[in-house]
Amino acid sequence: MFDGYDSCSEDTSSSSSSEESEEEAAPLPSSLPIIKNNGQVYTYPDGKSGMATCEMCGMVGVRDAFYSKTKRFCSVSCSRSYSSNSKKASILARLQVTGKPPTKKAKVLQKQPLVAKLAAYAQYQATLQNQAKTKSAVSTEGFNWGNYINSNSFIAAPVTCFKHAPMGTCWGDISENVRVEVPNTDCSLPTKVFWIAGIVKLAGYNALLRYEGFENDSGLDFWYSICGSDIHPVGWCAASGKPLVPPRTIQHKYTNWKAFLVKRLTGAKTLPPDFSQKVSESMQYPFKPCMRVEVVDKRHLCRTRVAVVESVIGGRLRLVYEESEDRTDDFWCHMHSPLIHHIGWSRSIGHRFKRSDITKKQDGHFDTPPHLFAKVKEVDQSGEWFKEGMKLEAIDPLNLSTICVATIRKVLADGFLMIGIDGSEAADGSDWFCYHATSPSIFPVGFCEINMIELTPPRGYTKLPFKWFDYLRETGSIAAPVKLFNKDVPNHGFRVGMKLEAVDLMEPRLICVATVTRIIHRLLRIHFDGWEEEYDQWVDCESPDLYPVGWCQLTGYQLQPPASQSSRESQSGSSKQKKKTKSQQYKGHKKMTTLQLKEELIDGEDYSFLQGASDQESNGSANFYIKQEP
């Protein structure tokens, strides 16, 4: 396993060579003040700091740029060398014993790292000054998940929470302390070499790694995608003939690195040998460009249209409506989205459908095989079932931060229902929307009350606070039976505060940095980092529009970073305008108090409700609404 190390150990030793001793320091920025001392050149970042002498190598430099609190050493390597060697080996000791100055060779060896360090220090100070002067939004290119998580001590949702995502069902027991082989970036060799690292922390697909030999020192920790092409199980280098070379910073720590690795890795876990193959297989998608589907009409939610798959990225489809001549009228969704169906689906269940002006398929276009679409649970509509006019609570697809009073407007085949939001429906029903009876986006009457969620009453309804019992009596309506709703709660694994990447469903081409802020059994409240709460969205725990941290990097999709104050004020995207327009309909309503539903006869039946916590994190098959049988 460690043969590769033996072949390179001599060439990469920390002992100096004649070539290394002749290395020249990198040129310094001309704007930095310069101090010359005994022919050596040092940067002086602020013009005020005192000078210091390294007790290991004898290098003289700016005190503030030296390593450690005591400022005794110019670099980490000198500090460790001093600790691992006797004091007699240090230059300061030789000066005290022999009175001889340090050799030129010793100075030159440490010259470049110190100059680079001082230049970096100056650049760091300049960066801080620039940030103080102007605070701008983080650009997409500048956002880094690792820095974001480290600086705020965030926790990311594990990959196993996302069954639809790559490796979601075969992630295995990848966890902290798993060892891997990765490129060694702390090395001056011209060829790529590897070293072994251990996982310190996981954040979705990304892992914070630490090279073996650094023990508790996090100075060179780095983030890496577990699914990246340059990460391998331990033993890969030996099998592939690749060299294992210890990082330059710690080469002096051990004389026998092979024995060190054998001791450290005995009993340790690593990636499965076929891990990269599984990653590749999990990123193969059955949907291909030129496939035809039926998808919701984004301008009229009550109907579907024919669209053609334009591109596939990580299982997400860019669909172009078939009648779009310039191919700009598009719609984004995941291949497992409930919004897309096979050709002929609308006719088969009685759903409204906009016929295309195109009389025949364009060359190369073909219908998507029906078996590729997400399957819905079969239901029995022969017995007690949903009926037109029944009341319920539903997530508003035009304002996903709200759960509203709603009505079943039409019962379709195969368990599908057309739903309308009370008080804001169009006369022609053009804003009705289709949910399956098992959809996690519809709820029985009283769901919001028992789970302490604010229910949005019908627009124009004046009897506030809203009470379901009174509303049902005034409208002469009945509540949909509780037993007809989906009560399954999977063991999803999400927790409040977890980070993830989430689709902005009001502008579904965008995937943003997001946080889980509430959990009501299987229902998640998703907050987009940097935006106000009014843009939050209620999403099911198994939604294909949620992804692990690092998904965009893995698939090549563009991630939208957290918004800053300036970008929030300047952004005028269509998604935000839509939501604000929708929210104006409810302007003037005060916040609803907790609803009070009398345990009286509702359609001749008695119901009692199990009170749920406001931030319920139940992962079991909890019944959050229970029907009392007579």
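Numbering starts at 1 and runs along the chain as displayed.
The backbone N, Cα and C atoms fix where each Cβ goes, and this holds for glycine too.
Since we're looking at a predicted model, the values are computed, not measured.
Record features (TrEMBL):
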{"type": "COMPBIAS", "residues": "1-18", "note": "compositional bias 'Low complexity'"}
{"type": "COMPBIAS", "residues": "564-575", "note": "compositional bias 'Low complexity'"}
{"type": "COMPBIAS", "residues": "576-592", "note": "compositional bias 'Basic residues'"}
{"type": "COMPBIAS", "residues": "611-622", "note": "compositional bias 'Polar residues'"}
{"type": "DOMAIN", "residues": "45-80", "note": "domain 'FCS-type'"}
{"type": "REGION", "residues": "1-32", "note": "region 'Disordered'"}
{"type": "REGION", "residues": "562-592", "note": "region 'Disordered'"}
{"type": "REGION", "residues": "609-630", "note": "region 'Disordered'"}
{"type": "REPEAT", "residues": "143-247", "note": "repeat 'MBT'"}
{"type": "REPEAT", "residues": "255-351", "note": "repeat 'MBT'"}
{"type": "REPEAT", "residues": "353-458", "note": "repeat 'MBT'"}
{"type": "REPEAT", "residues": "466-562", "note": "repeat 'MBT'"}
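Residues in the repeat 'MBT' (466-562) partition by DSSP class (helix H, G, I; strand E, B; coil) as 19 helix, 31 strand, 47 coil. DSSP assignment over the repeat 'MBT' (353-458) gives 10 helix, 36 strand, 60 coil. In this model, the domain 'FCS-type' (45-80) carries an average pLDDT of 61.
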